[in-house]
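Scroll down for the structure; my scribbles are underneath it.
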Amino acid sequence: MDSSNLGSVPEETLEEQLHQQQQESKPVVSAFASVPDRPPTQGFSQKYSPLDWSGYFDREEDICIPDSNDVFHLYMTGTEGPVIFCLHGGGYSGLSFALSASKIKEKARIVAMDLRGHGKSSTENDLDLSIETMCNDVFAVLKALYGDSPPAIVLVGHSMGGSVAVHVAAKKTLRSLAGLVVVDVVEGTAMASLMHMQKILSNRMQHFSSIEKAIEWSVRGGSLRNIDSARVSIPTTLKYDDSKKCYVYRARLEETEQYWRGWYEGLSEKFLSCPVPKLLLLAGTDRLDRALTIGQMQGKFQMVVVRHTGHAIQEDAPDEFAMLILNFISRNRIGPHGVEIPGLCRPARPQS
């Protein structure tokens, strides 16, 4: 869901249509050799067939939250460096970061979480998408993973997940927080677009006879521009409805309207107040509001406009997204336990 630019559904440009026609005439080749080759097939089923998460992440894990029936699903990869903790947008899943994770894992660890009501996570109330509840979910998962001694963590959030990342960071209670990356969400644009959100949601195709049809629709409709990413990420955004005999959306976003304003209200000031290095990735400069414009001029955060992508930058341009994340880590000298200063030894960590 494009929650930062909901006034219109993006249409394919002539260049994209030509590219689409070219793709029709040749088999899709995955961007990464680690994805196992599928048996050769012909036509539609090959072009839009799902790709398994295991080609991009090392493992998946279910985190059970104590004293509740909440279970959060995580995708994880990488063995060293800081933890890049990824939060997806509304209607997406943790696999939204799959293709970029394949590159980031060379220098850092990646954890991509299915937020409540999304993907393979299961909670007592999947419709409680209040910002406070989602922040508490993130803290609970981090606590379950790392206890009281978490490694350096860089929060990366896209759209709705970007709002969650900002609110988590702004609480200033995550002591190992070393960086914040927000992907294509700005308070001004998002708040102005809320009145259109229900219309956008209702205008989406609601039922799919197959997962392949859903993948095709996401690419042809313009919500995603990278076929390989869609083949990985779209399947977990769906569930099969036995009564309707078709696939429908897993996230019931249209039933969560009461929480939408809370995602974005005051977001710019909260972002600017976070006391860690910050990176804002945008798909267009039109998304920058007044508070962020001033903050950017004052050097309070780094901003990069990623051209020729849609709302889901991490899916449309995964290689460039991964490079930007790795450059952010290097530029701010973020190591496994926080900021690394050449020539200085960090004090020994107290034994717990």
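Keep in mind that glycine also has a Cβ here, set from the backbone N, Cα and C atoms.
Unlike curated entries, TrEMBL annotations are predicted automatically.
Per TrEMBL, the features are:
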REGION    1-45  region 'Disordered'
DOMAIN    84-322  domain 'AB hydrolase-1'
ACT_SITE  SER159  active site
ACT_SITE  ASP184  active site
ACT_SITE  HIS311  active site
Local Cβ density at SER159 (active site) - other Cβ atoms counted within 10 Å: 28
Averaged pLDDT, computed only over the residues in the domain 'AB hydrolase-1' (84-322): 95
